[in-house]
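K.L.:
Can you keep this structure in mind? I'll have questions shortly.
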Amino acid sequence: MQSAVKRSLLDLAEEEVAGRCALVRIDANVPLKGGQITDDTRLRKSLPTIRFLSFRGAKVILCSHLGRPKGLDQRFSLARIAAHLSSLLEAEVAFVGDCIGTEIQKEAAALKPGQILMLENTRFHEGETSNDLEFAAQLAAPADFFVMDAFGCAHRAHASTAGVAQFLSPVVAGLLLQKELSFLNGAMTTPARPFVAVVGGSKVSSKIGVLESLLAKCNKLIIGGGMVFTFLAARGLPVGASLVEADKIDVARQLEALAAACGVQLLLPQDIVVAERFAQDAPARVVAADAIPDGWLGLDIGPKSLEAFRAALADARTVLWNGPMGVFEWPRFATGTLGIAHALAELTEKGCTTIIGGGDSVCAVEQAGLAGRMSHISTGGGASLELLEGRTLPGVAALDARAPPPAGALVLLGQFIYFWTFGVLFSAMDWLVHHEAPVVNGSADKPGRAAMLRSNSRTQLAGV
């Protein structure tokens, strides 16, 4: 369990933070349209860590990538990110037009406790993605310690996620990263039971490792989405023109055998919404899962399947969901996916821990307006999958190990205080994130509340 042995911000003493310069890796890789931010969720998720550091008197230097630029490309400048963060924080976020060099060190040296500086896109330099240590050393040069808070990038061994850790101390997880590790690792190691996993998506091939890992840990496994048809084909059933990975049919059989060996109840759809062609307006109907007609393709689970899946979820105390039940982007084929989302929201209210494991399932929950009613929504796509598979993430491996707890009677007391504090912060983070004003058409409304931070004006944003 990676989170149990790694240090986080909550482990740092006052003297390790106050007055010291923190290099903070956030995930500012937000979607853009016409140069405007269309979804600022990742930025809002980074706010608790930024506020925590600034409030404790650290000098905060933010770094991130945006897009996949080939060298310097102003379309991917983080200037707009700095401006948007400034609006969300209600505090100045200064911006500097590079991420390495003497100018950066001068700007960092001029920071006062609590102030925030945003560096330019790390991917403007080739050394970022190759994890070049010379580049990493230059990136780390202005800072005293490193805070890794970009869970969505933690599976990348890049200079800004792993390389800089060799040049700074301490190296700790931010509040978002620690929360991600706590929920995802918790689900895979010590879940409240029954533990039900819901896995969807189009291809078995992209989820083999996840399915194998889950089968060793969960009590029930619900399968939906396009991968269903590879399982149906493995059973010798007709699938029409539905998506099937012919080279993974044997894998599907092996997974079913593994489920039986592990005593895991594996549920496939009983009925399917099929369409005559892959189009929003195509003729569609509901058929039994073993009676898909020739030439037709499955695009969603049917009503009987949704009812059966809801029944299987009814007694769950932990649910992990990764992947949609159908082509939810089209309203006619979104019923299954949205039905699962509503079922999980209801379970959360009854005390079940519900974890949305990244990717399209997150989009579906947000589309349903239910993001605030889940226990945890992961910000990682590939990172979530790799963690669920049991892989070590480079951005997590680079973190300092947490010291063993003190001996004697203080152990239980210390652990209680630590996790109680962490639980309170989790709740506060979720409240803050879900009460921040979301972006609409590239602009953010003011939150309409007093700023949590007050920083001294020093440098106007450049290039915004």
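All residue numbers here begin at 1 and follow the chain in the order shown.
Using the three backbone atoms N, Cα and C, a Cβ is placed for every residue, glycine included.
TrEMBL feature annotations, pasted as is:
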- ASP27, ALA28, ASN29, HIS65, LEU66, GLY67, ARG68: substrate binding site (BINDING)
- ARG42, ARG123, ARG156: (2R)-3-phosphoglycerate binding site (BINDING)
- LYS207, GLU329, GLY358, GLY359, ASP360, SER361: ATP binding site (BINDING)
K.L.:
Which has the fewest other CB atoms in a 10 Å radius around its CB: ARG42, ARG68, LYS207, the listed binding-site residues?
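P.N.:
Output over binding-site residues ARG42, ARG68, LYS207: least Cβ neighbours within 10 Å is ARG68.
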K.L.:
Here's one to test understanding: among the binding-site residues ARG42, HIS65, LEU66, ARG68, ARG123, whose C-alpha is closest in space to the C-alpha of GLU329 (ATP binding site)?
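P.N.:
Closest candidate to GLU329 (ATP binding site), judged by Cα separation, is ARG42.
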K.L.:
Considering only the binding-site residues ALA28, HIS65, GLY67, ARG68, ASP360, which fall within 10 Å of ARG123 ((2R)-3-phosphoglycerate binding site) when distances are taken between Cα atoms?
P.N.:
HIS65, GLY67, ARG68
K.L.:
Distance check, please: Cα of ARG42 ((2R)-3-phosphoglycerate binding site) against Cα of ALA28 (substrate binding site), rounded to an integer number of angstrom.
P.N.:
6
K.L.:
Select the closest residue to ASP27 (substrate binding site) from the following binding-site residues, measuring between CA atoms: ARG156, ASP360, SER361.
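P.N.:
Out of the listed candidates, the nearest Cα belongs to ARG156.
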K.L.:
Any same-chain residues 6+ apart from GLY67 (substrate binding site) with CB under 8 Å of its CB? Would you list them in sequence order, or say none?
P.N.:
ASN29, LEU32, ASP73, ARG75, PHE76, ASN121, ARG123
K.L.:
Just to verify: the residue among HIS65, ARG123, ARG156 with the fewest other Cβ atoms within 10 Å, which of the binding-site residues is it?
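P.N.:
Each of the binding-site residues HIS65, ARG123, ARG156 was scored; lowest Cβ tally within 10 Å is ARG156.
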K.L.:
Measuring Cα to Cα, tell me the gap between ARG68 (substrate binding site) and SER361 (ATP binding site) in whole angstrom.
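P.N.:
SER361 (ATP binding site) has its Cα 24 Å from the Cα of ARG68 (substrate binding site).
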K.L.:
Whole-number Å distance between the CA of SER361 (ATP binding site) and the CA of ALA28 (substrate binding site)?
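P.N.:
Computed Cα spacing between SER361 (ATP binding site) and ALA28 (substrate binding site) is 20 Å.
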K.L.:
What is the separation, in Å, between the Cα atoms of HIS65 (substrate binding site) and ARG156 ((2R)-3-phosphoglycerate binding site)?
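P.N.:
Roughly 12 Å, rounded to the nearest whole number.
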K.L.:
If you run the three-state DSSP split on GLY359 (ATP binding site), which class comes out?
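P.N.:
In three-state terms, GLY359 (ATP binding site) counts as coil.
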K.L.:
For ARG156 ((2R)-3-phosphoglycerate binding site), which of the three DSSP-derived states applies: helix, strand, or coil?
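P.N.:
Coil, per DSSP.
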K.L.:
Quick check for the class: what is the C-alpha distance, in angstrom and rounded, between ALA28 (substrate binding site) and ARG156 ((2R)-3-phosphoglycerate binding site)?
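P.N.:
The separation of the Cα atoms works out to 15 Å.
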K.L.:
At a 10 A cut-off on CB-CB distances, which of the binding-site residues GLU329, ASP360 has the highest count?
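P.N.:
It comes out as ASP360.
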